[in-house]
Amino acid sequence: MTLLLLPLLLASLLASCSCNKANKHKPWIEAEYQGIVMENDNTVLLNPPLFALDKDAPLRYAGEICGFRLHGSGVPFEAVILDKATGEGLIRAKEPVDCEAQKEHTFTIQAYDCGEGPDGANTKKSHKATVHVRVNDVNEFAPVFVERLYRAAVTEGKLYDRILRVEAIDGDCSPQYSQICYYEILTPNTPFLIDNDGNIENTEKLQYSGERLYKFTVTAYDCGKKRAADDAEVEIQVKPTCKPSWQGWNKRIEYAPGAGSLALFPGIRLETCDEPLWNIQATIELQTSHVAKGCDRDNYSERALRKLCGAATGEVDLLPMPGPNANWTAGLSVHYSQDSSLIYWFNGTQAVQVPLGGPSGLGSGPQDSLSDHFTLSFWMKHGVTPNKGKKEEETIVCNTVQNEDGFSHYSLTVHGCRIAFLYWPLLESARPVKFLWKLEQVCDDEWHHYALNLEFPTVTLYTDGISFDPALIHDNGLIHPPRREPALMIGACWTEEKNKEKEKGDNSTDTTQGDPLSIHHYFHGYLAGFSVRSGRLESREVIECLYACREGLDYRDFESLGKGMKVHVNPSQSLLTLEGDDVETFNHALQHVAYMNTLRFATPGVRPLRLTTAVKCFSEESCVSIPEVEGYVVVLQPDAPQILLSGTAHFARPAVDFEGTNGVPLFPDLQITCSISHQVEAKKDESWQGTVTDTRMSDEIVHNLDGCEISLVGDDLDPERESLLLDTTSLQQRGLELTNTSAYLTIAGVESITVYEEILRQARYRLRHGAALYTRKFRLSCSEMNGRYSSNEFIVEVNVLHSMNRVAHPSHVLSSQQFLHRGHQPPPEMAGHSLASSHRNSMIPSAATLIIVVCVGFLVLMVVLGLVRIHSLHRRVSGAGGPPGASSDPKDPDLFWDDSALTIIVNPMESYQNRQSCVTGAVGGQQEDEDSSDSEVADSPSSDERRIIETPPHRY
């Protein structure tokens, strides 16, 4: 039997060896394949067909093809085996392909056999063949016009080869389907023709007297004869015979604050109707007189603006608001400007005399009045009065000053469009000097600011922040000197020395009322902000910062300014003049004239705009005339800044912290941020449930504040028990004003947000020792731009934690309210040991609070039961010899009470342990509190010691 099995075993071993060595050849495929797949289809047609051959065939496994592998990044195809024996395969797309996304795909393919057995061992792979698959286009897209509406204009009586061109595009990928083969006008009976390229021409001459606007519809066809999904509309306007004018400008120009420089006429061009010109002059005028005082300026108050610009202090207001200390302005007519500043109207018969010396005058005495170094600053609106002669002067200010050497005198007057400054250094010996300026601002009846710097013999006049040197300087030695007595008058001046005798009998009241014998040269116009600063001059930079206009016409494209072009801008930037000799160069220059407003929060509204043009032609007989252009700039409403106050809104501290010298900070972690929210375009594919009407985003900006207020929510402060504290030294160093009352505390003055944060974090709340206050709420709010923008109201609630052993209660009955406080007070028997614990855990979770209340209530119940038991015991012990005043009613023996002070003897350790067990069951992790309590329990009375418990007063 053994001999028979051996040959079988040897045969099986030989067969096994022969199978392992049967897979000798690799599969073979073509080196390259070309494939075609139709768009939106899966099957790829290959040339040649996909077949893999193996020389090991017909052996099983070794001669069979098990599959194909594709190699390449992101190949959207897959290869499948159709017949393992023949090696036939198929390439197909994983999903329908899109020709518009990708027209061709290239990758490699490799075949592999089934190896030497079912487990695929010793599998062999073929070489890698390259496969090129082209996606055949399907005419799935219709032509689409680039514009839905085409407009053009033609002049009457002309035939045009091309009026305009319409254009359509096709989204298909192949040239056959993506090209537009022809266009067609669908509207019948139109005098127009369109070619295959979309060019439209007129077939007859059009007349302005006939139809002035032609409307018709145009469609397009691709080379697959697919028509456009949406047709295009064409409008052709017929214009009359050419008239010289400006073309391509918009009447309304919108300006968004913060946009910088905005071109006013970006597409403007001059139509000359082929008339040759040799000179063109255009003037652009921007009208801003209706905006505040003549133009858009900083919206801060005068005082805040002086601080921002770095102006020195010490100026004296000569025309203050009428009041007890400034009664000299009471007789003038008072108005208010758009920025709420005070304006005085002088009607030509009024003047005011400013008192010298004293608390309400200029300086402490005449010797402190103006010297030969001073700055006069004022706003003036003045026009030429029709009923007054052009030769009559009007006095703005007239002043005679007494000094150590004698008297000096000066006056500032207007005379038509001239402004004059007369200075007499010394009436006794020196000759007067008169400085003259001729300015159109003086008589244009618009608001302008004037600042005059005197540093004799130098005098500089600033108008709207722009300096002007005197046009003429006269040595006037023939005029009569004024009377020698100190006086300061605004709106007129007194007569010369020869009339002094007539004036001696007149008092100051009569003088200011305008006695014709003593007062002359009255001023007719408006004055505001009239101040003087003696001994030191305002610098040019400060004056420019304070009063220069922040809006105006602008031109910066000097580099590309053509040859022969001239540009001139007036000092106030309200008038710009262009001059040139070439039309195209002139058009280019005018297209770069811009409006600019440097204010972040510009004053919204309309600024009228006017363009006037004068031309000179080679032929005067046929010279053209260019009509005036009028439009307006609309300054849009600026995005308001959002001032956000944030920080800790609620905190609790022990009473000893509030009773300290410095109190407790109210806003220790205050954060002030300023941001601007502006509208952005919402994405169309944005997932939003509902209707999207506005999408906004916020950009944080660096900004200033001009005031903050801390007020009380509820009753005012009681000065005898509480107060608000703030370091006045730091406020004075920064030029801020502090007002502290029982109802509020205000800080006024322009400073950065960082400085206000630092100051407000130092605001403290202090209590007097023993004050029984438990809760206070404070409201903080800030503002900016002279109160134009305000912050949110940030409310802080403060809890004062009192120890219950610090106060006494007159009642002998203990109640749950006497053991429970909003600040989570400890039980009275541990009041002296739980201050630190209550401070650290003033905010106990609500569940723990409920358990504590239950425990305390249980404790109170036990105390009440103890009282009843003590009372019964006391009755049995006392018997008939009770205390005086005891009840002797035999019907109600249990209602006997002792009128003396109630004394309760309890075990403090037992009640404290009961309460601690309740808290431990509700709130874990209070190890710190337990340690502090345990450390103090060691010093508490022992169980056999007695302790007197006094109930606290009821304060709720």
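Including glycine, each Cβ sits where the backbone N, Cα and C put it.
Swiss-Prot lists 29-145 with the feature domain 'Cadherin 1', giving sequence analysis as the kind of evidence. Look at Swiss-Prot and you will find Asn299, Asn327, Asn347, Asn507, Asn740 tagged as N-linked glycosylation site, backed by sequence analysis. What Swiss-Prot records for 848-868 is transmembrane segment. As annotated by Swiss-Prot, topological domain 'Cytoplasmic' applies to 869-956.
Projection of Swiss-Prot feature records onto the structure.
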{"residue": "Asn299", "record": "N-linked glycosylation site", "DSSP (3 states)": "coil"}
{"residue": "Asn327", "record": "N-linked glycosylation site", "DSSP (3 states)": "helix"}
{"residue": "Asn347", "record": "N-linked glycosylation site", "DSSP (3 states)": "strand"}
{"residue": "Asn740", "record": "N-linked glycosylation site", "DSSP (3 states)": "strand"}
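Separation of the C-alpha atoms of Asn327 (N-linked glycosylation site) and Asn347 (N-linked glycosylation site): 19 Å, rounded to the nearest whole number. For Asn347 (N-linked glycosylation site), the same-chain residues that are 6 or more apart in sequence and have a Cβ closer than 8 Å to its Cβ are Ser333, His524. DSSP labels the residues of the domain 'Cadherin 1' (29-145) in these numbers: 0 helix, 54 strand, 63 coil.
Between the C-alpha atoms of Asn299 (N-linked glycosylation site) and Asn740 (N-linked glycosylation site), the distance comes to 27 Å. The glycosylation sites in question are Asn299, Asn327, Asn740, and the one with the fewest Cβ neighbours inside 10 Å is Asn327. For the domain 'Cadherin 1' (29-145), the predicted model reports an average pLDDT of 86.
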